[in-house]
Amino acid sequence: MKPRARRRKRASATQLYQTCKATGTCPPDVIPKVEHTTIADQILKWGSLGVFFGGLGIGTGAGSGGRAGYIPLGSSPKPAITGGPAARPPVLVEPVAPSDPSIVSLIEESAIINAGAPEVVPPTQGGFTITSSESTTPAILDVSVTNHTTTSVFQNPLFTEPSVIQPQPPVEASGHILISAPTITSQHVEDIPLDTFVVSSSDSGPTSSTPLPRAFPRPRVGLYSRALQQVQVTDPAFLSTPQRLVTYDNPVYEGEDVSLQFTHESIHNAPDEAFMDIIRLHRPAITSRRGLVRFSRIGQRGSMYTRSGQHIGARIHYFQDISPVTQAAEEIELHPLVAAENDTFDIYAEPFDPIPDPVQHSVTQSYLTSTPNTLSQSWGNTTVPLSIPSDWFVQSGPDITFPTASMGTPFSPVTPALPTGPVFITGSDFYLHPTWYFARRRRKRIPLFFTDVAA
């Protein structure tokens, strides 16, 4: 077998470019790579004309992170201290040799020549007046020890409390403290006594200075959602001892206002089939549903357990209606009953004494027959209310015809449109006259009967 030839590594693009550029035998990928004329170089060249990334350190390899530097992850930069005193340049101290004199000679100032400038003449008035005397008597001056108080105020740039007003330091001028105060004049002052505000104990007003504009809604108990199964319980033990419906041997009872926990064996039977596999009964809730007071509890079933200990089961809403919510009965004001001498009376009318003759005012129930005749007929109907405001009586009864004189020739059709016949009245509406009640001396109330009139 012929041995395989060893593969030699190709020279780099820079080495090939140095030898093949002059002869023109360079591969097509060498010249663009060395002269930076590839597609990527063209994109960077023309894209840099519109976007500037200077100062960010991109592609420099310095690792400085740009002008701002790198910030470690999970930390924030420390705040810079600003507002402090500005640094001043140091004062240059000239070295002094041991042989140099300790007395510094004064440097004479050179004369300043103002060419063409007007001469300034100091004013003769104002300013200080200097009085000199040639007395040889030494002056006696009262020199006393004075204490000068100097106050320095330093501001901390890291902590500044804007709510505290810093007092101004005293002003010093020639060793004297200048204090100014307004002039206080004596005037008459009026004394006004203070009164105590009236504190009312009524609950009509708000209890706080800024009452809430609206009342926050109470949290709603989602008892009728689709995730809950609705089960009605009729056993009265559900109100007082619900644990008896779930298990038999549960001697510990914590009360009806707390949630109940139950632990079952692998095989068990509940006293009530509706409470099978119940592992938790939540605290009760009393609600109103469609005019009923309802006692509710939410139960959790433990139908399935996972290896991690999680239980999977449905949630059930157990409820029992206690009693209906009755509305308040409407109150009707009743008038007092007044006993009178007569059997029939009106509570709104004044008492009456006259007793009319029963013969003149007799109304009996009878059958009346009305037949057509040549005389004109006059109809009359009177309605008397139940409450009569005066002391007179009117009988209301059926329509009765009264014969009157003929005022002209009556109109009678030749052929009647409908067959005519006699009209019979079989009933009437009326009140009996009070005089008929006195026939009986017993104080007995006679009921009034109302009948309809049929024609």
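Cβ coordinates come from backbone N, Cα and C, glycine included.
Residues of the same chain that lie 6+ residues outside the motif 'Nuclear localization signal' (1-11) never bring a C-beta to less than 8 angstroms of a C-beta in it. The motif 'Nuclear localization signal' annotation in Swiss-Prot covers 1-11 (among others).
Summarising the annotation, Swiss-Prot assigns disulfide bond to Cys20-Cys26 and lists sequence analysis as the type of evidence. For Cys20 (disulfide bond), applying a Cβ distance below 8 Å and a minimum sequence separation of six or more within one chain yields Cys26, Pro27, Val30.
Taken from Swiss-Prot, the feature motif 'Nuclear localization signal' covers 438-446 (among others), and the record attributes it to sequence analysis.
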Helix-strand-coil residue split for the motif 'Nuclear localization signal' (1-11), DSSP-based: 0 helix, 0 strand, 11 coil
